[in-house]
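J.: The following feature annotations were taken from TrEMBL:
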| type | residues | note |
| --- | --- | --- |
| ACT_SITE | B:Ser135 | active site, charge relay system |
| ACT_SITE | B:His177 | active site, charge relay system |
| ACT_SITE | B:Glu204 | active site, charge relay system |
| REGION | B:266-301 | region 'Disordered' |
| COMPBIAS | B:272-286 | compositional bias 'Polar residues' |
There are 2 protein chains.
Amino acid sequence: MPSHKQRKADKVGTLIIIGGHEDREGKREILKEVAGRVGKGKLVVTTVASEEPEESFEDYRKIFQDLGLKGVTHLNVNQRADADSEENGKLLQDARGLFFTGGDQLRITSLIGETHMETHIHNLFESGGVICGTSAGASVMCETMMIESEGGESHRIGRLRMAPGLGLIRDVVIDQHFAERGRMGRLLGAVAQNPRVLGIGLDEDTAIVVEELCYFTVLGEGAVYVVDGSCITHSNIAEEAEDHILSLYDVKLHVLSEGDTFDLKERRPLNAHQQDAGTNLENSATIPEIENPQETPATDG
Amino acid sequence: MPSHKQRKADKVGTLIIIGGHEDREGKREILKEVAGRVGKGKLVVTTVASEEPEESFEDYRKIFQDLGLKGVTHLNVNQRADADSEENGKLLQDARGLFFTGGDQLRITSLIGETHMETHIHNLFESGGVICGTSAGASVMCETMMIESEGGESHRIGRLRMAPGLGLIRDVVIDQHFAERGRMGRLLGAVAQNPRVLGIGLDEDTAIVVEELCYFTVLGEGAVYVVDGSCITHSNIAEEAEDHILSLYDVKLHVLSEGDTFDLKERRPLNAHQQDAGTNLENSATIPEIENPQETPATDG
C-alpha cells in the first residue's frame with residue numbers, strides 16, 4: 001500500500017469539523033448529519049484524544065446507534081504501537097467514516113503521527129470517506145494546528161503555540177469553542193504569522209461540512225468566523241517583543257451562520273441569494289448533490 | 001447660556017475613553033495621561049454611574065492627588081435634581097477635566113440627560129476640556145450606546161439593547177472589557193444594525209485618547225479593535241428571526257496596540273512608519289502638538 005504522501009487522491013471525501021459541545025440530547029443536528037453521511041457504512045469512533053476513552057466511546061455509541069447507524073466501532077490508542085497494529089488497521093480499511101472525539105490534540109498527533117493508522121486515515125479520506133472531529137478533533141485536521149494559548153484576552157505576539165497537525169485540510173487554521181472561550185485574539189495571532197492560512201473559528205454546537213476541500217456549509221446553533229489576512233497592510237508580529245500586543249490592520253472578517261456556504265478556493269462566502277442567482281458560482285467549485293438530502297438541515301427562518 | 005444643542009463648538013477638546021479596570025497601583029499609565037492632560041486645572045470626578053459613589057471617589061482622589069493634581073473634586077448625582085443644582089453646575093464651570101467612573105451607563109443618562117449638568121459637560125468639551133470615562137463611562141460617550149447583551153457568545157439578532165448616550169462622539173459605538181468578556185459578537189451586532197457607526201472595542205487597562213474628534217491614539221496594556229462595516233456585502237439582520245445567529249460578510253477589522261493612531265474621518269490606521277513618512281497624512285486630520293509630551297507614553301520596543 002502506497003503511503004498517502006505519494007498517493008494521488010482519487011476523490012477526496014467530506015470533513016465534518018465541529019467546534020465542540022455538539023448537542024447530544026436535543027435535536028442532535030450535527031451528529032445526525034454525521035450519521036446521514038455514513039449511512040449504511042461503518043463509523044469508527046477514535047478516542048485517542050481522550051483521557052477517558054471508554055466513557056467517551058460509550059456516549060457516542062449510544063447516540064449513533066439511536067440515530068440508526070449499525071456499525072459503530074471503537075478504536076482507542078494508548079501507545080504508538082496501537083496505531084501501528086494490524087487489528088486496528090483493519091478497523092479502518094472497510095470504514096465509511098471516522099470520528100475524532102475531543103480531548104488533547106497533541107495526544108492525537110504524538111500517538112498516531114507517521115504510523116499506519118495515519119496512512120489509513122488519509123486513505124479513507126482520499127477515497128471519498130467522511131472524517132469528523134470535535135474540539136481537539138477539529139483542530140487536528142489542519143496542517144499546522146493551535147495547541148495552547150489563552151482565550152479571553154487579546155493576542156500577545158509570543159503566546160501562541162502551534163504544532164504540525166494531520167494535514168487533512170491545508171491552508172486553514174481551525175479554532176473551536178470560539179465565542180465561548182473568547183478566542184478571536186489567538187486566531188488573529190495565527191493568521192498574522194502567515195496570512196496564507198485562512199483562520200476558521202467554530203462556536204460550540206456548530207460545524208462546517210467541507211466538501212472535497214472546495215467549499216463548506218455551516219450547520220448548528222452558533223457562528224463560524226472566517227479571518228482572511230490576504231489584505232493585511234501592517235502587522236507588528238515580527239518587530240515587537242514577545243509580550244507586546246499584536247497590531248494588525250485591514251483584516252477581512254466574515255461571520256457565517258447556519259446554511260451559509262463558503263468557497264475555500266475563492267475565499268468568498270456565497271449567500272443564499274448568490275447561490276440562487278448563480279452569481280460567483282461560475283468561478284467556484286461545483287456544489288455537488290448531497291447524497292442524503294433528508295438529513296440536510298434546513299436553515300432557520 | 002446657550003444650550004450645547006445650539007452652540008457651535010469653538011475647539012472641541014480631548015476624550016480619554018478607557019476600557020475599564022485601568023491600572024491603579026502599578027505604572028498607572030492611563031490615569032497618568034489623564035493627570036497630565038488636566039495639569040494645573042481642576043478635575044471633577046463624577047460617580048453618577050456607581051452604586052458606591054463615596055468609595056469610588058475616594059479611590060480616584062488618592063490616585064490623582066498622588067499623581068500631582070491639586071483640584072480633585074467629587075460630583076455625585078443621586079437624583080435628577082442634583083444634576084440641575086446650581087452648586088453642582090459651578091463645580092463644572094471652572095473645571096479643566098471631567099472623569100466618569102464605572103458602573104451602569106443607564107444611571108448616567110437617565111439621571112443627567114437633558115439637565116444643566118449635561119449642558120455643562122458639553123460646554124466643557126466644546127471649549128477644549130478633557131472628558132474621561134472608564135467602563136460604563138466609556139460607553140456613555142457615544143450617541144447610541146450599548147447597554148446590555150451577553151458576552152462570550154456569538155451575536156443573535158434580537159439580543160442587543162441600545163440606548164441614547166451623551167453624544168460626545170458621533171458615528172462610533174464603543175464597547176469595553178472587550179477581549180476579557182468576549183464581546184466581539186455584540187460589537188459586530190451593533191455595527192450590522194447601521195454600518196455608519198464604526199465599532200470600537202477597548203480591552204481592560206487600555207484607552208484611546210481622541211483629539212478634537214479627528215483621530216485617536218492607543219494607550220495601555222491591551223488591544224483596541226476597530227470594526228468597519230462600510231464594505232459589508234451581506235447581512236441577515238433584517239431578514240431572520242430574533243434568535244438567529246448574525247451573518248455578516250466582508251467586515252474590515254483592525255487590531256491596534258499601544259502607540260497606534262487611527263484617523264476617524266478616513267477610517268484608517270496610521271502606523272508609525274506612515275506617520276514618519278507622512279503617507280496618508282495629507283488627507284488626514286492634522287495631528288496637533290501634545291501639550292505635555294513628557295506624559296505621553298512611548299511605544300514599546
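Cβ coordinates come from backbone N, Cα and C, glycine included.
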J.: Under 8 Å Cβ-Cβ from B:Glu204 (active site, charge relay system), six or more apart in the same chain: what's there?
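T.: In sequence order, the residues whose Cβ lies under 8 Å from that of B:Glu204 (active site, charge relay system) (at least 6 apart) are B:Gly19, B:Gly20, B:His21, B:Glu22, B:Gln176, B:His177, B:Phe178, B:Glu180, B:Glu221, B:Gly222.
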J.: Report the same-chain neighbours of B:Ser135 (active site, charge relay system): residues 6+ apart in sequence with Cβ closer than 8 Å to its Cβ, ordered by sequence.
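T.: Once residues fewer than 6 apart are set aside, B:Ser135 (active site, charge relay system) is near B:Ile18, B:Gly19, B:Gly20, B:His21, B:Ala49, B:Thr101, B:Gly102, B:Gly103, B:Gln176, B:His177.
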J.: Other than its own, how many Cβ atoms are within 10 Å of the Cβ belonging to B:His177 (active site, charge relay system)?
T.: 20
